[in-house]
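J.: What Swiss-Prot records for this protein is below:
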type     : residues                                                      : note
REGION   : 1-189                                                         : region 'CPSase'
BINDING  : Ser47, Gly241, Gly243, Leu270, Gln273, Asn311, Gly313, Phe314 : L-glutamine binding site
DOMAIN   : 193-380                                                       : domain 'Glutamine amidotransferase type-1'
ACT_SITE : Cys269                                                        : active site, nucleophile
ACT_SITE : His353                                                        : active site
ACT_SITE : Glu355                                                        : active site
Amino acid sequence: MIKSALLVLEDGTQFHGRAIGATGSAVGEVVFNTSMTGYQEILTDPSYSRQIVTLTYPHIGNVGTNDADEESSQVHAQGLVIRDLPLIASNFRNTEDLSSYLKRHNIVAIADIDTRKLTRLLREKGAQNGCIIAGDNPDAALALEKARAFPGLNGMDLAKEVTTAEAYSWTQGSWTLTGGLPEAKKEDELPFHVVAYDFGAKRNILRMLVDRGCRLTIVPAQTSAEDVLKMNPDGIFLSNGPGDPAPCDYAITAIQKFLETDIPVFGICLGHQLLALASGAKTVKMKFGHHGGNHPVKDVEKNVVMITAQNHGFAVDEATLPANLRVTHKSLFDGTLQGIHRTDKPAFSFQGHPEASPGPHDAAPLFDHFIELIEQYRKTAK
């Protein structure tokens, strides 16, 4: 039985469609993502916590879903908005169609709306708070009330909400289409011990570090610097994550203590912003953020262009960079800062997602640079 669904934005704009997920309501910041596929990775990316994701590609759900494509243990997106859900999910890896997957994870979703109109609105007015109501006779007035009651992501610390409850080890590398998920690697195959802060870490980041010889200890977002230093790490990784970086004072304090040592530090996405804040820079909320797998970024030091995956609604304000931070990468879409490197410490970060999943791997060599810094540190400090 087809059920109705309604999306209402805080400005009062209404989109009527049909429900393809759970019955109920979802409230969050409405953003758009331009990736053509990879919807399951997007839904399970913790960076989308408290956000309703609009996918601009018209056909979503063609290849179904499977366990291997999940970037975390649950769906973190607050809701999903698409143009069209195909009648058939066809792929040799498919184990469950998208609609069933959404219902099983209790995710409210709407289809059959004009996503081009919605995307234009978000580009012109900026990301807006919104509410999806799915079920019989959805109440537009109630949806508007809920959308306007949502406080927004400014000032919202979500890293401590999505982080792991306890520390754990990770030694699994990348999987292949033919071989599936690999067995965990043995410790003697992983010469580098890296402590990774989980601010909302994606699994493919962890896999790419393991591929390069890292034995990972994943720690909760609020783990103190003292506890991490007792683990005697060869490197410290700062993961991606949702929300506003500025309220994460616990992480900023820890990073500042790491920067008093010579241990290499590598940050991605939220981790990039936290490294900048710990170094004295400031961050700002973007109009509608960067969300997609086709964003051109210039490596200003090598004078080359990379096509990258992006997912962030905050950015580091380049005008506030202290003297000990140099710019390494910039967005060719809007000129915003994409990468920094400390001039006095082996610490650097990237705003985009070099692990992709979904997206291109042009920025993957950033992981190799982290390993180079670790090898130099081990030679001089140990």
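The backbone N, Cα and C atoms fix where each Cβ goes, glycine too.
Describe the structural context of these features.
T.: In the three-state DSSP classification, Leu270 (L-glutamine binding site) falls within a helix. In sequence order, Ser47, Ala159, Phe199, Gly200, Leu238, Ser239, Asn240, Gly241, Pro242, Gly243, Pro245, Cys248, His312 constitute the residues six or more apart from Leu270 (L-glutamine binding site) in its chain with CB-CB distances below 8 Å.
Mean pLDDT of the predicted structure over the domain 'Glutamine amidotransferase type-1' (193-380): 98.
Listed in sequence order, Ser47, Ser239, Asn240, Gly241, Asn311, His312, Phe350, Gln351, Gly352, His353 are the same-chain residues six or more apart from Cys269 (active site, nucleophile) with CB atoms under 8 A from its CB.
Contacts of Glu355 (active site) defined by a Cβ separation under 8 A and a same-chain sequence distance of 6+ are given as Lys202, Asn204, Ile205, Arg207, Met208, Ile268, Ala309, Ala364, Phe367, in order along the sequence.
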J.: Among all protein chains shown, how many Cβ atoms are found within 10 Å of the Cβ of Gly241 (L-glutamine binding site), not counting that one?
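T.: Neighbour count, Cβ to Cβ under the 10 Å cut-off: 33.
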J.: List the other residues in this chain whose Cβ sits within 8 Å of the Cβ centroid of the L-glutamine site residues Ser47, Gly241, Gly243, Leu270, Gln273, Asn311, Gly313, Phe314, in sequence order.
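T.: So the additional residues around the site are Gly200, Asn240, Pro242, Asp244, Pro245, Cys269, His312.
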J.: Need one number for the L-glutamine-binding residues Ser47, Gly241, Gly243, Leu270, Gln273, Asn311, Gly313, Phe314: the maximum pairwise CA distance in Å, whole number please.
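T.: The L-glutamine-binding residues span at most 13 Å between Cα atoms.
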J.: Where does Gly241 (L-glutamine binding site) sit in DSSP terms: helix, strand, or coil?
T.: coil
J.: Looking at the binding-site residues Gly243, Gly313, which sits with the largest number of other Cβ atoms within 10 Å of its Cβ?
T.: Gly243
